[in-house]
Structures are given as structure tokens and as C-alpha cells.
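*Asks:* Sharing a structure with you now.
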Amino acid sequence: MNWNKGGPGTKRGFGFGGFAITPGKKEEPKLSQQSHSAFGTAGSSAAFAKSGPPQLPSFYKIGSKRANFDEENAYFEDEEEDNSNVDLPYIPAENSPTRQQFNSKSADSDSDDDPLEAFMAEVEDQAARDMKRLEDKDKEKKNAKGIRDDIEEEDDQEAYFRYMAENPTAGVVQEEEEDNLEYDSDGNPIAPSKKIIDPLPPIDHSEIEYPPFEKNFYDEHEEITSLTPQQVVELRHKLNLRVSGAAPPRPGSSFARFGFDEQLMHQIRKSEYTQPTPIQCQGVPVAMSGRDMIGIAKTGSGKTAAFIWPMLIHIMDQKELEPGDGPIAVIVCPTRELCQQIHSECKRFGKAYNLRSVAVYGGGSMWEQAKALQEGAEIVVCTPGRLIDHVKKKATNLQRVTYLVFDEADRMFDMGFEYQVRSIASHVRPDRQTLLFSATFRKKIEKLARDILIDPIRVVQGDIGEANEDVTQIVEIFPSGPSKWNWLTRRLVEFTSSGSVLLFVTKKANAEELANNLKQEDHNLGLLHGDMDQSERNKVISEFKKKGIPILVATDVAARGLDIPSIKTVINYDVARDIDTHTHRIGRTGRAGEKGVAYTLLTPKDSNFAGDLVRNLEGANQHVSKELLDLAMQNPWFRKSRFKGGKGKKPNIGGGGLGYRERPGLGSESSDRGNNNSVMSNYEAYKPSSGAMGDRLTAMKAAFQSQYKSHFVAASLNNQKTGSSAAGASGWTSAGSLNSVPTSSAQQNAANPDSPIAATAAAKGVPGFTSTGTLSSVPTFPSVGVQGYSNNSSANASAGNREGVGSAGSAPRGGSSGGGGGGIVRERYSDNRNSRHNEVPRRGEGGGRYNDVQHHGEGGGRYSDAYRHGEGRHGDSHRHAEGRHFTDTGGGNRNNVDGRNISEGRSNESRNGENRKDANSRDNKTDGFAVPEPPKRKKSRWDS
């Protein structure tokens, strides 16, 4: 900072503006022309600020903003001065060191303003700081002493627990999928859509040259050959076998007659087989003969061994496998468990010939199965889908297959494997040998199976789908579901003491719930259902076979093919979806002749299944409790189709319709079955209630066929009780109608003084007559002098009139015309023994349902007309008319007694008409046409 002494052209003071040292007139400092100081302006301003009123200095004209000293702007003076100080940049003088430094800094600032370089600089700084921090940590660890890393560091278990604590929802995806499962109307889970397995493409076998092979190895034993056809039939009947097909081989009754070699016989004896089962007796000769077969037998009957033993002989006759060859025998089954079980049987018997077997099923390792197939195996036990996958991936081929077996074929068709099964069969050479085995075989599925067989022999042991008689079935009925749980917990310890217990549940969710509840009761058990991993399923089944766990809770996935001899009790906690599944369920016990017990727990809502269960029990000669039968009777289809027990029903001899006592529940207030006092003791005269409704006959039949049509009161003077059968008082019938009004011949009843009808007829003058017309043909009662008349509304019998009707001018079948002397005709309304008119409750001597009854009219009984004094069923008892002779030559011709003519003095035998005539009968005359004018009668309630 320079000091200016003042002088011409220069101001006195420092370079920043100067101020007066001594009081007096202020002088403006004079700026040096040679140098420029930054303090000049500030100094000048400060000097002026300390002095009196502001004045405009002369040096303030260069490079500065002129200050506003107006009074109105005095308020903003300080702010503007501050702004002026801030806004004015510092510019050093040219060629000064400060200017040079300023220029160099501005150049540096221009380079630092690049944003990318600034960002990279920050990144590098942060990285440097991080590296330094890591180095510090490493130094701290190196300096630390006495610390074990294996304790301080996190091991696998701690890492797992930490992960589960941080992720509590890990592994819950499966449960969510289970909740999304859909169920059908029966409550069975609908399997989620899996990978669709396309069938194998078609193949043209004509382009492939197959080597010849032999498939008939059966040399019939001489003892079997010596049997006569009758003895063969008796042997099959003894074994409960039904064989159909072209020239089936004869059955063998022992292993020695099968022609097995010593190696196989040794293995069979080692497996503790003593005698072949019935299906083996017939199935082994058929399979060894090279014939295609359909084998149907109950569960546990030895079907597996029946096709494994001939298969081994079939394989040993062919040349050994070469590298790249496929199997010789293929066994296809529906489930993984059955696949593994058959595979173990094949290994057991196949080791006698060093034959290799491979199990190929879904859920197993694809790579391991493919490797085993490529190494070569004579026997492949598989499920359809996985075999197709391996064939498509060239892991194996079916060119050498000559022995093809479908076990549980109906189950595969039911599961939707029909196209896969057909494609597998179409890929095997056409001249193969094919065998189908199952416990049940429906007609539709059997037709599908016959399409892949050639001239098959069908072997049925027992009834198709019947239950095993070695299994004792016990049905328990409970009022509700919780009652089943109480019963199970109370009896389960008892069941486990006798052997392993298999509990079947329909739904997978119910199986898990039941298993959890039993575990809370401290029961050791296993769980098996379709959604479990294959390794878990294998582990559970293995433990159950080894008796490691005494109880297994399973769905129907374990219902087929599971062969565990230790199972002594099967409990159907939930009923099966159909009777075939029930048959397979209970077949898990009682295997190979062993005895077992199967419990089925029912509730009232299971009435639909109860009907099938009743028939299943009856087919297996099992006891059917009354409670179960009552529950089954709640099902309408079972109640309608159930056979009717009790005594057989007698035919309806009288006309159907009016004249029958009303059935209880169909209009009558009470049943008179227990009361032997007839209401006919009260009536005063005949009151037949037939109205003029001939044109409405069809409507009357439909509307009133099962209801009471008319009431009659006794025409007796002394109110005597009338019986239910006496031949003298025959009833008249309005043929074709619903009415049956009893009448009587006066002379006929007069001949029998013991009959109360005689007195009634004598008093009232009632002859017998026949009306074969409509309801309008109403009988009236002329004097006794009139012998009888017959009124035919039609030329012959009407639609309801049966053969042999004694009508005037028409001769009945087997006899002369019934015109004239008291022709009494009975017509049956219908020859159907089961018609609703026949099912009328009656009361008679026996008091039973089918005994004779007294109706509201003389002779209104079904089989007789007055007192019955004998044992004749159709009113053919001893009669008190003179010289009467009748013989029923029809025997069982009970429905053809409609047109019965009974006349005095005629004796005739007719098989159908049963015309009865007295010895005093007159010849056929035309006086039957002389119908007297009927007197007026009281109006009936049926008259329109």
C-alpha cells in the first residue's frame, strides 16, 4: 500500500482513498496512475462514510457504480452499498503478479468444472476410504489373539436358522398350492394339471424285419391230459374258475404240472409257495401256451406271480441282449407303488436266471433310469408316461419286446392312460404275447382291452369285482363324523396288537388332519398320499413293511397293488368313491390265504354307498346287519331294485278295481286287517257304485286305479256275517272297467241252505249276471223267477275281458256259451300279477297279507265269494251245491282264470276259462238274451 504525499494531480493519503489526518477541509485522494490497489475504493468509501454529508468524490467515476444519495432512496443506501461490494469482482491490474495468479487459477477452475471428472474423483475418494477401512479391519483381526474362528464364525445350522428367522414364509408355497386344489362332487381331489404326455407316434411294422421267436412252452402233464372233459369242468368248478375263449388249456392243480425247471422251482419253494392259487392254476398254462389272456381275479389272489413265472421262461428262450437292445418283457402298471412292488418280485424270481429288471416310474431320477436302461435289462416294469418319455429320448426302444403285460389295466384306463397304453401296444411288434390282469374289469374297458389282444382267453376267478372272502368285513354306522374319531381312538390300540393297521381316507387334506390328530394321541404312524415326494413315499412304505410303524394313514394311492403281509386290519375311515375302489382297499389284508378284518365306518350321509356295500357283502357271503340294510333302503334306486322278500303274491282272480278294499295310506283311515268282523253285516241292499263313465274309462284307470272305488252294505235280513269264500256266491265283473260288484244266482244260493247269501238272494231276488261293457252296465235285481241274464254291451268281450268270458252268443274257450241259466262270469282286470290292484291288503283265516278277505259285497273276496270251507286257493273249495264238480287242470295257470262260467248242473274242465257247470245245467239257449227291464236303483256317488 503506497502513501501519497499529495501534490499536483495526486491525492494525499493511502492508495485506498485516504482520509484527513488533521481536521480541516477534506481532500479527495488522488489515485496513482501507476498502480491500482484493491483498497482504494473501500478506503474512499470509509472516508466518506465518516465525514459529514456524502459528496461525490472525483475518483469514484472509474469502474464503480454511482451511489444513489437521494433522500427517497436513503432507506436502500446500505443495501445497495453492500450489493455494490458483492457484485463488483476483483480484477487485478494487468501485468501484476496478482493478475498472473488470477489467470492461472481461472484456468484450473475451468478444468475442474467437468462433471464427469468431478464424479470420478468422488468415486475414487470413496473407494480409497473403503480400502483404508478394510485394511484397518484386517489389521485389527491380525492383532487379535486367543479367538477361534470355528466358534465365532457362523456354521451351516446357524446360517439355516438365521435364514428361517429372516424368511418365515420360506417353503409355504406347497401349502398354498394345496389350498388351491379343486374337488369334484364326491369330494375327491382333482389332480392338478400335470405335463401332458403325448402318445408315441404311429409306427409301420411292415418296414421292420423282426426276428422270429417262440412263445409256446407248455408241455401238458400226462395226468392233466388224461382228464376227461367232465373232470376238467369239475376241476374248474372246484377252483371257481370260468374260462372262455378258443381252445383254452386245461388247468394245472400243482406246481409239478406246470413244467418249470429246477432253478425256478427252487426259487418258488424258497419263497414259501406250497400250492398255486386258482388264477395261477389256469393263468400259468395259458401264458406258457403263448396265448393272449384277460385275467380277472380278486385282490391278493396271486396275479403277479401268474405272469412273472411264464415271463422268465419266455425270456430265457431268446438270445441275450446286445448293446443298444431294449427289453424283452415290459410290464405296465398304473401307480409307482405297484411298479416298485412288481419290480421287487421280478428281481426275486429273476435272479435264478441272472435276469436284470429296471423300474421306470414318474418321480424317480430320470438320469439313473436312463442309465440303467442303456446298460441293458431284460425286464422293464414301468408306468405309461415315464416309459414314453424314455422311448422318445432314445434311452431304450421296444423292438425286442415280445412279452407285454398290463396290470390293473382298468385302473390305467380310468386314469386317462388309454391313448398312452394303446400307443405302447402299437409300438410293440404285432405278434407279441399280451396279458391283461386286474381285479375288476368293466365291459367298456374290456372292449378297449380286446382291441390290443389277439384271440384272448378270458379267465375269471370268482365274481368280477367281488370282495375277498378271506377278509371279514364289519360295518359300523355312526350318527356323525366325530363319533368315528371316538371309536377309532378307543379301538386302535387293540388293532395294532394283532398286526399292522391301514387307515384309508378319501381326501389328502383329511389324511393329513387325521395323521396329526393321531400323533397328538402318541401314536406312531406314517402318512402316504399322492403329493408326497417319491423318496418320502418309498421311505414310509419301507418302514411300514418292516413294521417300524404300526399304523399307515393313506389315500387311495395305496389301495391298489400294495402287498404287505403284516396288515391285519384295514379301516375305511372315509368310504371309497366306488365299490371297485372299496374292493381294492379291503384287499390290502387277507393276502394269499391269510385272514384279515376290514372295518367300514358309515354315517347317514353315506346311504348311496351303502347299497353297493350291501351287495358286495352278500356276494362275499358276509353278514349284512339290519342297520346297514335300513341305511341302504334310504337310497331310492336301491330300494326300487331290491328284491322283495316274504311270501309270494297270489293272482287276482276277481275283477280289478271296484270291490277291493282300499289300501291303508291311499284313502282309508285305518286298516281292517286285524278285524275279522265284516262291515258287510250292516248293509241292507246292493249298492253298486258304477257310474255312466264308459267314455272316461282311461281317465278312471289312471286316476283311481289304486284307490277305493265303492262301498257295499250287506243285503242280509238277519245281518249274518258273510265269509270270504264259497263257490255259490260268485261275483260279477264289469270287464274292462275298474268295478267288480258281487252278485249271486238265486237258485244257486238256494241250493246251499247254509250260505247266508242264499237267504239274501231269496229275499231280494238276485240272479247272477255278467256285464262285459262299461261302468254304465249296472246290475239290478229282478224277482227270483228270473234265472239269470247276461248283458253284453259289446259283441264279444271288451278290452279288459279275458278269454273264456261267458257271454251270450259267444262260446267261451274250452266250453259252450254261458247264456242262460245263471251264467256267472269272472273276469280278471289284468293278468299281471304285480299290478297295483293285486297289492290290496286282505284279511282272512290266516290274518296275513295274502289271505282271503271279506269285501263290501257278497263274493267280493279275491279268490272266493262266500264262506270258504276248504283249502282251495282260487275258490275251488268244497261247495255245498249238489253235484258240482270242478278240476283245475291249469296247475300254475293262475292268471288265466278270468272267464270262469259257473252254471248249475254243468261239469266241464277248461284249462283257461275254467268253466264250471252243474249236472242239472240246461242246454245252450237263447233265453240269455231275454234281459228283463232292470228296476230303478239308488244313485251312486260314482254316477255322473
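Along the chain as shown, the residues are counted starting at 1.
Placement of Cβ uses the backbone N, Cα and C atoms for every residue, glycine included.
So Swiss-Prot says this about it:
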{"type": "COMPBIAS", "residues": "1-18", "note": "compositional bias 'Gly residues'"}
{"type": "REGION", "residues": "1-119", "note": "region 'Disordered'"}
{"type": "COMPBIAS", "residues": "35-52", "note": "compositional bias 'Low complexity'"}
{"type": "COMPBIAS", "residues": "70-84", "note": "compositional bias 'Acidic residues'"}
{"type": "COILED", "residues": "120-157", "note": "coiled coil"}
{"type": "COMPBIAS", "residues": "131-149", "note": "compositional bias 'Basic and acidic residues'"}
{"type": "REGION", "residues": "131-155", "note": "region 'Disordered'"}
{"type": "REGION", "residues": "182-203", "note": "region 'Disordered'"}
{"type": "MOTIF", "residues": "253-281", "note": "motif 'Q motif'"}
{"type": "DOMAIN", "residues": "284-459", "note": "domain 'Helicase ATP-binding'"}
{"type": "BINDING", "residues": "Ala297, Lys298, Thr299, Gly300, Ser301, Gly302, Lys303, Thr304", "note": "ATP binding site"}
{"type": "MOTIF", "residues": "407-410", "note": "motif 'DEAD box'"}
{"type": "DOMAIN", "residues": "487-632", "note": "domain 'Helicase C-terminal'"}
{"type": "REGION", "residues": "642-682", "note": "region 'Disordered'"}
{"type": "COMPBIAS", "residues": "723-737", "note": "compositional bias 'Low complexity'"}
{"type": "REGION", "residues": "723-753", "note": "region 'Disordered'"}
{"type": "COMPBIAS", "residues": "738-752", "note": "compositional bias 'Polar residues'"}
{"type": "COMPBIAS", "residues": "794-814", "note": "compositional bias 'Low complexity'"}
{"type": "REGION", "residues": "794-944", "note": "region 'Disordered'"}
{"type": "COMPBIAS", "residues": "815-824", "note": "compositional bias 'Gly residues'"}
{"type": "COMPBIAS", "residues": "825-887", "note": "compositional bias 'Basic and acidic residues'"}
{"type": "COMPBIAS", "residues": "901-926", "note": "compositional bias 'Basic and acidic residues'"}
*Asks:* Can you work out the mean pLDDT of the predicted model over the coiled coil (120-157)?
*Replies:* 81
*Asks:* Do any residues, 6 or more residues outside the motif 'Q motif' (253-281), come within under 8 Å Cβ-to-Cβ of it, and if so which ones?
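*Replies:* For the motif 'Q motif' (253-281), the far contacts come to 217-219, 221, 223-224, 235, 239-241, 288, 295, 297, 301-303, 305-306, 309, 312-313, 348-349, 351-353, 459, 461, 592.
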*Asks:* With a Cβ cut-off under 8 Å, give me the same-chain residues at least six positions beyond the ends of the coiled coil (120-157) that come close to it.
*Replies:* none
*Asks:* Just counting, how many other CB atoms are there within 10 A of the CB of Gly300 (ATP binding site)?
*Replies:* 23
*Asks:* Would you count the other C-beta atoms found within 10 angstroms of the C-beta of Lys298 (ATP binding site) for me?
*Replies:* 28
*Asks:* CB neighbours of Thr304 (ATP binding site) within 10 A?
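*Replies:* Here the count is 21.
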